[in-house]
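*Asks:* What TrEMBL records for A:29-52, A:72-93, A:145-164, A:170-188, A:251-277 is transmembrane segment. Positions annotated as domain 'ABC transmembrane type-1' by TrEMBL: A:32-313. Taken from TrEMBL, the feature domain 'ABC transporter' covers A:346-580.
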Amino acid sequence: MSAQTSVLPVATGRTTLATFWQSLRRHPALGWASVGTSLAASGAAVVVPLLLGRLVDLVVADGTTRSLLLTSAWILGAGFAAAVLTGASRWLVTEWGMRACADLREEVLDHALRMDSARLESAGSGDVASRVTDDVEQVTDSIRLAAGVFTALVTVLVTIAGFAALDWRIAAAFLVVLPVHVFSLRRFTPRAKRLYAAERQAAGVRTQRLLTTFGGMRTVHAYGMAQRQSQRVERASQDAADARLRAVRGFLWFANMMNYAEAIGLTAVLLAGFLLVRAGDSSVGDVTAAALLFHRLFGPLGMLLVSFNDVQSAGAALARLVGVIGVDVPATRSGDAPAGRAAAGVTAKSVSHRYADGPAVLHDVSIEIAAGESLAIVGASGAGKTTLAAILGGVFPATDGAVWLGGRLIGDLSPTDLRRTVGVVTQEVHVFAGTLADDLRLAAPDASEDDLHAALRLVGADGWVAALPAGLATPVGDGEHPVTPGQAQQLALARIALLDPPIVVLDEASAEAGSAGAHQLELASSAVIRGRTAIVVAHRLTQAHACDRVAVMSRGRIVELGRPDDLVAAGGRYAELWAAWRR
Amino acid sequence: MTDTPAPVPTGRLIGGMFRRQRRDTALCAGFWSLHQVCEALVPVAIGLVIDQAVGTGSGTAMLWSVLGIFALFVALTMGWRFGFWFLSKAVVQESHSLRMRVVRRVLTGRGIRTSRQHGELLSIATSDTQAAAELLELGSRMISALVGLAVATVVLLRIDWSLGLGLVVGVPVLVLGLHALGPVVERHTSAQQQSIGRAAATASDLLRGLRPLRGFGGVDEAVRRYRSASRSSLRASIGAVRAGATFVGVSTFTTGLLVTVVAALAGWFALQDRITVGQLITIVGMATFLSDPVLNLADCVFRLATARASAARVAEVLAAPEPTGSGGRTAQPGPLVLHEVHAPGLDGVSLTVPPGELLGVVTGQTTTADSLTDLLAGARPPERGEVTLAGTPVRDLDVATLRRVVLAEPHAVDLFGSTLREVLQTGDDRDDPAVRRSMSAAAVDQITDGGVGLDRELLDHGLDLSGGQRQRVALARALLADRPVTVLRDPTTAVDAVTEHAIADGIRAHRTGTDRATVLVTTSAPLLDRCDRVVFVHAGRVAAVGRHRDLLAQSAYAEVVLR
């Protein structure tokens, strides 16, 4: 199950950063406001310990009660400013990140939906789903964290400036922590990358298993195989848990180093202060302020380094998202004027196809279908019917050969033009979550209520739709009002009717309905076929027999082609199938 | 496996989490408390060093100071590190166990009655179980923060009782005040989580329907819909962020106020020589340290709301009722009988499936076929009438044992596992010859061609198989399961006519000669031709019973089965 996880690319660190930075730059006003308030908030927060140092000096110098009150008032004021500014910066920085993240996730889904099919099919739905749900969620969640990191970073920088303002020699002493941090980060980073990538991967497998399990709940119930299927999920979940703990263990070493760096830094600051005060170059108050400032840094520095953990794994998730964005998708703009509803024929020349590195499933298939003609494709399972239909319908390109729709090469049509020219009903049916009208309007967003009713009438679905609790407004899909496979097929046909293309490709449109509804569906598909060029993958030979011509496929080749009655009369393979069918 | 779980309210769920992970959570709280104490001692140490070494200029004192600081930091580091390790173990284990409870609850028996989409269930099983388990972290953090506060209080009490007393009173007031803000934040966060859940559900729904979606060119519209779901989720998130930011602002200010008051008082005491400069520094340092545990507590309060909301969703799934109840009696093989049942499309149908028979059930109505399949499988109760197995009403039977006797393979094919062998096995593992026999009966043996055999790797969900292959693999799986009663609904709709004949022979050969009963709910003539007996249900009632060839004489029957 893990073999296909690498099919979708994962972006490099540099690309990931660049892409995220670009999304951030789309909101310049928020960006400037965030930076400004964060700087001001950190500034105000640094002033507090500096003022506390002043207070110590004042006591050492035996100052007046009045000056003590004045300093206290300043401390309170700085504290208030720090509070307001900290709240504001938290809000602004997080909103900035969230807006960028929303842009990003929309772009990811956009790319996931438009990605070229060959890649999508080999990637498996689980990997894509885990990126669009799990990874998006992780990145969204870590925006808060990233906002915290940003604030901490600003605080660290402002504090260092505060040190320098106090005494440059103490600031220099503080800098001894940097080599320690750099050393530990450099040793930790490559390991962390590996550990977190492994953790994400394990989580991806877990998501895939959970998705399959929840989707196939009915089958699990039917076999009473809860135990078996739970164990399957459990293995994946346990693997993910183990990967997580391995990542934690790696991180702990790093956290240790951080504490030692704090000890070294504090010692250095105090030692420098000790020497400076002994030499009479600095006051006890300054040393106190420096020590307090440094102590204050533990929080933000720790936050920076600790969240390195989560930033790394959020980074891994982000890289997977940017990887999806990096996948080329066909341009969406239509190249020429819309193809319109003009009648169009289909021509295929020497089409061959293989999936990934597999054996060829189509060999040198050529066929010409006149405008308005209907062609049935029949043959045994695995003969290549679905593949040929998919290639003729432009679902994915053939590895060899050329296909023309209405006289234009398929490769020259933009996705929009392609779908205006040809509508495809695939083997899988899916009822999209939302109201029934929403479901239909996916194919024709501007369709009026009357259009929807007309399409439903055409496919014979008007009766049961009218009987629904809220008609077209009834929620359908997952967990909502149940729709039978046959009804789902009718909806699929209704969507094509709404799309109204000159060419239709129907792949086993009546297969999943069960034979009870098959006759009804045959009527529906012939209604949709009427007046269009049609390619029908037919298992029910009655449906094939109603078409103008029949192509019989075997082992990736068209072995017979002709009018159904002629083929029966010729006594070949079709005649054999027909006899078996009528038996 | 069959016990019906008692309702799980959120509080009980959370209590159970702490009980199960008590050892690791307690260890974490202990080590983190040690860490907090050390953290509290850091400003004390700074004060001491400044007072004893920096102020006096004594080199020996400075040397001892350095050694002391290192000792303190070693303890501090160890405390945090061990605490974090035990906590991680507890959180990882607990989220795993919550996840598995959710999965088992959804899969066991008849599953649950819920309005949640698969995508939402997924998000409950992954992110909510994780967020709920993080309550363990919040618990440990709160305990250690309280210990840190206690130490700070003791130190201050020893320096000056009035300051210490002020803290003992002041800090709880602060925390309680911040706690009062909790509900406001919770309202926002739960709205946010719901709407994030909806956006994720939209995404996973669209992805699952991607092939059909592309077929009718719905991608643009789908993208637009996701965008609007994502935007409403963004709006909710920003609302929650503002609430959170206000909370941060208020808590920062209150801790700032605390620091100022303590520092000002201590300064005044120092001016009056009630305390030394070193003690003043300690107090000031302690006051700055204090903000850590107070903010920590406040942050825990803030996250408590989110984690509780997640725990509530997990509890809701665990407590969800079964669609129909389960009885307690053990199912025994025997005749499966429908007595005068009424259901959608059925208007008083009686029918007996005796052991050993291959029975065909024919109807031209989808609703009727659905009802019959569900009733025979015990998947739903009849509106009127009775369904019995070996003389016992099906509703009195324990679901787990019923499933060992009666199997109805759902018509929509779902395959599980990564190899063909794994996909076919559903219960007690069967040997390879048995697997091969069932595959050849389902006419699907050729997909193991090419030398890889049963270990052939399948893509997720068997997506690299054709529709016909998937249907036949599911049939082979049902035959391999070899239940005393097997109900097959239209098992050959996606295969060609020649293969259909082969399958019809295969099913007959595989199921007869034993006391196995098989029901074929179908209109396929080749399948019906092999049946011992065919029941024709028309207009909600049994219209005819007999052999397929004899029934063909009736025009109503012929119309349904001849195509």
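Using N, Cα and C of the backbone, Cβ positions are placed for all residues, glycine too.
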*Asks:* Residues of the same chain, at least six outside the transmembrane segment (A:251-277), with any C-beta under 8 angstroms of its C-beta?
*Replies:* 167, 169-170, 172-174, 176-177, 180-181, 183-185, 188, 192, 283-284, 286-287, 290-291, 294-295, 298, 301-302, 305-306, 308-309
*Asks:* Who are the long-range neighbours of the transmembrane segment (A:170-188) in its own chain, taking Cβ under 8 Å and residues 6 or more past its ends?
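*Replies:* For the transmembrane segment (A:170-188), the far contacts come to 160, 163-164, 250-251, 253-254, 257-258, 260-262, 264-265, 268-269, 271-273, 276, 282, 286-287, 290, 294, 305, 308.
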*Asks:* Over the domain 'ABC transporter' (A:346-580), what is the model's average pLDDT?
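*Replies:* Across the domain 'ABC transporter' (A:346-580), the average pLDDT comes out at 86.
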*Asks:* For the transmembrane segment (A:145-164), give me same-chain residues lying six or more residues beyond its boundaries with a C-beta closer than 8 angstroms to one of its C-beta atoms, as numbers and ranges.
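*Replies:* For the transmembrane segment (A:145-164), the far contacts come to 34-35, 38-39, 41-43, 45-46, 49-50, 86, 89-90, 93-94, 96-97, 170-171, 174, 290, 293-294, 296-297, 299-301, 303-304, 307, 310-311, 314.
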*Asks:* With Cβ-Cβ distances below 8 Å as the criterion, list the same-chain residues six or more beyond the ends of the transmembrane segment (A:72-93) that contact it, or say none.
*Replies:* 30, 33-34, 37-38, 40-41, 44-45, 47-48, 51-52, 55, 147, 150-151
